[in-house]
Amino acid sequence: MGSSSFLVLTVSLALVTLVAAEGVKGGIEKAGVCPADNVRCFKSDPPQCHTDQDCLGARKCCYLHCGFKCVIPVKKLEEGGNKDEDVSGPCPEPGWEAKSPGSSSTGCPQK
């Protein structure tokens, strides 16, 4: 096998690998956007998901509160959201406390 044949084979294998990896990583993105995350982390939590397809229902895989989690997405105002509607993201889990200035759970049910 000549050096030019080897080069063509190597480049072809590299392209096939990149295309296959992109297909696995990408998947179909669900509607909505991930909520803003203004929490600073010293250490990331292990991921609970890698793509939107790992999440049930309408939930999206988003980086939130120090790790990737399945969360209810924020509605875009252009997609029929009400301008008075709170679109800051999902309410935190019970027991969550604001970890940075400006973080709050305004509009969430009280414990």
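Each residue, glycine too, has its Cβ placed from N, Cα and C.
For 101-111, the entry in Swiss-Prot reads compositional bias 'Polar residues'.
The disulfide bond annotation in Swiss-Prot covers C34-C62 (among others). Counting every protein chain shown, the number of other Cβ atoms lying within 10 Å of the Cβ of C62 (disulfide bond) is 25.
The disulfide bond annotation in Swiss-Prot covers C41-C66 (among others). Around the Cβ of C66 (disulfide bond), the number of neighbouring Cβ atoms within 10 Å comes to 15.
Under the three-state DSSP scheme, C61 (disulfide bond) falls in the strand class. Sequence-distant contacts of C61 (disulfide bond), defined by Cβ-Cβ distance under 8 angstroms and a gap of at least six in the same chain, are C49, H50, T51, D52, D54, C55, F68, K69, C70. The annotation disulfide bond is assigned in Swiss-Prot to C49-C61 (among others).
C55 (disulfide bond) carries neither a helix nor a strand DSSP state and counts as coil. Annotation comment: Swiss-Prot describes C55-C70 (among others) as disulfide bond, evidence class sequence analysis.
Look at Swiss-Prot and you will find 27-74 tagged as domain 'WAP', backed by sequence analysis.
As annotated by Swiss-Prot, region 'Disordered' applies to 80-111.
Look at Swiss-Prot and you will find 1-23 tagged as signal peptide, backed by sequence analysis.
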**Request:** Would you pick out, from the disulfide-bonded residues C34, C41, C49, C55, C70, the residue whose Cβ has the largest number of other Cβ atoms within 10 Å?
**Result:** C55
